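**Q** Quick one: this structure, given as structure tokens, is what I'll be asking you about.
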Amino acid sequence: MLKITSAQINPTIGDITGNIALMLRAARQARDSHADMVVFPELSLTAYYPADLLDDASFQRRLDAGLEQLKLSTREAPALHWIVGAPMRREGTGKPFHNALLVLKNGEIVLQYNKQLLPTYNIFDERRHFEPGADMARVLRIGDKQVGLMICEDGWNDDGQDYAVNPFQRLADAAPDLVVSINASPSNIGKREQRHTVFGNACSRHRLPLLYVNQIGGHDQLVFDGASFAMDATGKVVYEAQRFAEDITTLTFSSQLQTFSDAQGESFAKVEVTGLPTMEFYRQQIVLGLKDYARRCGFTTAVVGCSGGIDSALTLALAVEALGAANVVGITMPSKFSSEGSVSDSQTLCRNLGITLIEHPIRSMVASFEEGFAAAFGKPLQGLPLENLQARVRGTTLMEYSNAFGHLLLTTGNKSEVSVGYCTLYGDTNGGLGLIGDLYKTEIFALCRHINATAGRELIPVAIIDKPPSAELAPGQKDTDSLPPYEVLDEILKSLIEGARLPDWEHARAEQKMADLRADPAGRAMIERIQKMIARNEYKRRQAPPVLRLRGRAFGSGRQVPIAAVQYA
Ligand SMILES: Nc1ncnc2c1ncn2[C@@H]1O[C@H](COP(=O)(O)OP(=O)(O)OC[C@H]2O[C@@H]([n+]3cccc(C(=O)O)c3)[C@H](O)[C@@H]2O)[C@@H](O)[C@H]1O
Ligand SMILES: Nc1ncnc2c1ncn2[C@@H]1O[C@H](COP(=O)(O)OP(=O)(O)OP(=O)(O)O)[C@@H](O)[C@H]1O
Ligand SMILES: NC(=O)CC[C@H](N)C(=O)O
């Protein structure tokens, strides 16, 4: 038997001293549970992902000092094996670091394994900073048990005998009793289930039990959900750590039974095959993403322009959940085109959420810009430039508030609008972080309803959910004047932007819609128009604030598209 503590921690990128403190706290818990081994996530010393900080000389010095400090810390629990992730310097040509797994014990590094498969797709860019490890299996011996070691992506390619591309195969051939994998696996819809499938297939193929330890926490765009797990040798998940929270749990491994039980040797509660319902998943991921972004950037408060529309309402509701009602402010800024409901629905919303709503009309400011424009340029400001002016006056007012009161401005664009550029640069795109920028408009409605259902009351007024979406920048304006209905637009966008990265059930629906549209000329023209809008608006997305990533392909580092390209001009 082995006792292993799974230490699913929330390290901060670059905070080496703070991360060691987190590890020490978990190691003490492991020691008190008489564990043989404590397992931390991939790159736990720096947190995932330090990126170009690794090129910085002062960061490198801190890393060296941190490693010494970490070694010393392990003396506090001298019988314990610490399985830690850290960048390790290397000599020779190529990149100066390996992405390494270290086994530390009583002040010494007793084993180093270097990650072999470095992901360089979607949001990953590990080849930029790391040199891949030599193709070899590393096994740690504890008593009469052999623990096979691997790092995240190493386990994602188990489909052949070729050692060079399948580190799992080589490790399995070394015949360990179990595999321990350290990970930094960002979360998106369907990811938990995907991990279970990938590792379940590998574990059953090799008849190997596995402990998978993941990072949790929000790191810029990315949120890591934790959800560390243990599998028996048939690939069945027998233990799952909490999602979206730190979790330090000690497990007992039996090599005879090839499975895991709790610290007392009792079976864990049954792990459900399907995880959180989609809307609840979005909500928890966004709340953790904002919480961690705010605290790591030094914000305790946030501000949102409150239009009486659904996007700002949802942003406010999520911000309240993450930061608390006392720390969130809405600002309503009626113009001459604002509907009656714009202010009154905002009032009801903010009353329901228990937050302050400040009224700051923009009519006179807009009028003054109009006068100045006409006087200077000899023609009246009208049409789209006038529409955008209103959004810009609001954006400027919100930034004034942020500057003066230190609130983080949350931008409210959703994925449908951001895809087609239905937003004003330096206007409603202003802000530090987008909470709902990876949710299609149709999902925005569903998430609002879910929030109300779980609250058991109308937190977001139904009047807001039910009103036809409008930018309210011109008389009687509706989104559908410029865009196809969102039910159609969203399916086109899913297919064009995410395609094969969609979860199966969404992929089938989007492709069916595309096939239906392609069957007639008007549908084909619509697809082409949307394709052009996506391409033409790349420049806006490049300047927009980061959005929390929720889906397989989000705007940001996971979708790198040139701006000044001749695509659909
Ligand atoms: N390739 C490029 N690289 C860099 N900059 C480029 C550019 N192409 C245009 N530009 C610049 O961008 C400007 C045009 O962009 P921008 O000023 O944003 O304006 P634009 O995209 O023309 O208009 C904004 C659109 O968003 C809609 N809107 C606005 C506000 C809120 C909502 C909503 O419902 O949420 C919708 C509005 O009805 C309108 O259809 C150009 O005048 C030019 O300065
Ligand atoms: N009258 C207003 N008062 C305060 N903020 C506003 C107002 N109108 C727009 N905004 C801000 O600009 C963003 C874009 O709003 P707009 O109404 O143009 O379209 P939207 O994308 O449908 O958003 P929403 O559903 O929140 O209305 C809003 O989410 C809000 O933050
Ligand atoms: N850090 C990694 O190697 C992550 C890659 C892996 N496929 C994941 O997303 O889980």
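Count begins at 1; order follows the chain as displayed.
In case you wondered, yes, glycine gets a Cβ from its N, Cα and C as well.
Those TrEMBL annotations? Automatic predictions, nothing curated.
Relevant sequence annotations retrieved from TrEMBL are reproduced here:
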type: DOMAIN; residues: 2-259; note: domain 'CN hydrolase'
type: ACT_SITE; residues: E42; note: active site, proton acceptor
type: ACT_SITE; residues: K115; note: active site, for glutaminase activity
type: BINDING; residues: Y121, S185, K191; note: L-glutamine binding site
type: ACT_SITE; residues: C152; note: active site, nucleophile
type: BINDING; residues: G305, C306, S307, G308, G309, I310, D311, S312, T412; note: ATP binding site
**Q** Taking just the CA atoms, what is the gap between the residue listed as 'active site, for glutaminase activity' and T412 (ATP binding site) in Å?
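**A** Given the Cα positions, the residue listed as 'active site, for glutaminase activity' is 39 Å from T412 (ATP binding site).
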**Q** Mind running the recorded positions K115, S185, K191, G305, G309, T412 against ligand 3 and keeping the ones whose CB falls under 6 Å of it?
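**A** Passing the 6 Å Cβ check against ligand 3: S185.
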**Q** For K115, Y121, C152, G309, T412, listed as recorded positions, tell me which one has the smallest number of other Cβ atoms within 10 Å.
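**A** Each of the recorded positions K115, Y121, C152, G309, T412 was scored; lowest Cβ tally within 10 Å is Y121.
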**Q** Just to verify a number: CA distance, K191 (L-glutamine binding site) to C152 (active site, nucleophile), in angstrom, no decimals.
**A** 13
**Q** Sort C152 (active site, nucleophile) into helix, strand or coil using the DSSP assignment.
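**A** DSSP call for C152 (active site, nucleophile): helix.
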**Q** So around the L-glutamine site, Y121, S185, K191 aside, which residues have their CB within 8 A of the centroid of those CB atoms?
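**A** Here the non-site neighbours turn out to be P119, N122, I123, F124, P186, N188, Q194.
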**Q** Helix, strand or coil by DSSP: which one applies to G305 (ATP binding site)?
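**A** The three-state answer is strand.
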**Q** Over all pairs in Y121, S185, K191, the listed L-glutamine binding residues, work out the largest Cα-Cα distance in Å.
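**A** Between the most distant Cα atoms of the L-glutamine site, 16 Å.
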**Q** Cβ distance under 8 Å to S307 (ATP binding site), same chain, sequence separation 6 or more: which residues?
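**A** Long-range Cβ contacts: T332, S342, S346, E472.
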**Q** Under 8 Å Cβ-Cβ from G305 (ATP binding site), six or more apart in the same chain: what's there?
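**A** Looking at Cβ-Cβ distances below 8 Å from G305 (ATP binding site), excluding near sequence neighbours, one finds S312, G330, I331, T332, M333, R394, G395, L398, T412, D428.
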**Q** Near ligand 2, which of the recorded positions E42, C152, S185, K191, S307, G309 are found, taking a Cβ distance under 6 A to any of its atoms?
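**A** Within range of ligand 2: S307, G309.
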**Q** Could you list the residues of the same chain, at least six apart in sequence, whose Cβ is under 8 A from the Cβ of E42 (active site, proton acceptor)?
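**A** Set apart from E42 (active site, proton acceptor) by at least 6 residues yet with Cβ under 8 Å, we have Y48, G85, N99, L101, K115, I151, C152, I182, N183, A184, Q215.
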